[in-house]
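What TrEMBL lists as domain 'Plastocyanin-like' is 33-147, 160-309, 411-542. Marked as signal peptide by TrEMBL: 1-24.
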Amino acid sequence: MMSISQSSLLLSLLLSLAFTTIFAETHNYEFKVQEQAATRLCRNHRIVTVNGQFPGPTIDVQNGDSLAIKVTNAAPYNVTIHWHGLRQLRNPWADGPEFVTQCPIRPGGSYTYRFTITDQEGTLWWHAHSRWLRATVYGALVIRPKSGSSYPFPKPTIEFPVVLSEWWDRKVISVLRQALFTGAAPNVSDALTINGQPGDLFRCSSQSTTKLTVNKGDTVLLRVINAALNQQLFFSVANHKLTVVATDAVYTKQFTTNVIMVGPGQTTDVLLTADQQPGRYYMASRAYASARNAPFDNTTATAILEYKSANSQPILPQLPAYNDTNTVTAFSNQIKSPGYKVNVPTKIDENLFMAVGLGFFNCTPGPRCQGPNNTRFGASMNNVSFVLPNRVSLLQAYTQNIPNIYTTNFPRVPPLQFDYTGNVPRGLWQPVKGTRLYKLKFGANVQIVLQDTSIFSTEDHPVHLHGYHFYIVGQGFGNFNPSRDTANFNLVDPPQRNTIDVPVGGWAVIRFVADNPGVWLMHCHIDTHLAWGFAMAFIVENGVGESETLLPPPSDLPKC
């Protein structure tokens, strides 16, 4: 017979298990990636979709839930899916970037991504992480508070994902192939979109324009996601104020603005009160284009916020000029942590300085050298232009000790110091190609200075770190000066993000604790720049004990 204490312990365990079973669920999803016909801008062509939807299905779960998402590839291209912004603790096998944490899912193959959401809530998203397929393979990932918890703001009447992106009038894989063949910049998109639709400023688009119907007095939570391949975007709603409450699934101090800027990969949650004269108001998005003399999509995408029974002509908001860096800076400077749970690393173990931006590869004039002055476009971090392996993933090479796939000599600082945002000598314009990683010990406190460079042009770069959120302790323009700029770091309420927009012609400093073992990609989320080599990866070693050790690979991990 059990003793009373044993019975109590068993009852406690059963109650704990029951509580977990009731309040934390496992969600099973089936994703079928396939080509299908789609019509935009009066033209029909085939795009890659998930479950026949464009954008793909919204995943709506709670903090603490587990997910099992079986991805079947019925498309003619290799594919992987990345769950952008999820920490994937000890589980890079579910992270998704092609040839980094997994080999791609081949046509006809399948793979089940299994992961648990741990202490995260808010708006994230998922997308293909294989070449340019994320142009059409993407969707929202909404993580609600656990049962019994609530938002740190009044419960909204309506919640609405607003997914900003681009549309090409031809197959995006063809656009990418042409650019990689010629070495020139790729063709820009033909339209910007909101929830897959360009809006009624475009021909053949008025019937399909995205609409959100509200009652006067409603509080609306707009979950704004920038899924665009290549473009930072402004977003505004005519005659309505936007109250920012979260970015990248981290709550912020609340502030009100007329316009937000969202970089590729970033999310911003805003509250809107339907307090205007009943009517119809455009939600509009257009480019923030910071690179000098570089082509960009200068169209405006629209959706319609309409009060019930209103039938007036929609009003357009006043959006900033395409190159309005002052508005971007004023907006980003207001984003701060709410003031609780802010634990910024102060004793730095690993201090890295990364000069980032574009470059050029010299080549013999011909059809494959159509970049400026008979060159090929490139991009790099600390003068290393990243090359993905193609016969095994970096994570498999690391865990199985497979030689000759990568080296661990990614430079901690640029090989040469120079005036990064000034007139850069031509001799520094050509990077070197390589698959170089940087090793971090588990628990190391890491600081990274990301410094934009002016090779070809300075530009605002959205840099995403997989597997982590980081604190942005400082940013500014010009060259980073440690003796001057470090004194002004915000160590009290810095924002926490997974994707940082490094200011055009400037710098940003991020800090994080390397508490998630595995191989984690860091790259520009402008996919053109990623294809040119703007990336590197960290190896974070195991710590002590099971809770600090990488999980074993799943049995159905795709083979190369």
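One-based numbering along the chain as shown.
Cβ coordinates are placed from backbone N, Cα and C, and glycine is handled just like the others.
Please treat TrEMBL annotations as automatic predictions, because they have not gone through curation.
According to DSSP, the secondary structure content of the domain 'Plastocyanin-like' (160-309) in residues is 11 helix, 73 strand, 66 coil.
In the predicted structure, the domain 'Plastocyanin-like' (33-147) carries a mean pLDDT of 97. When DSSP labels each residue, the domain 'Plastocyanin-like' (33-147) comes out as 6 helix, 58 strand, 51 coil, counted as helix, strand and coil in that order.
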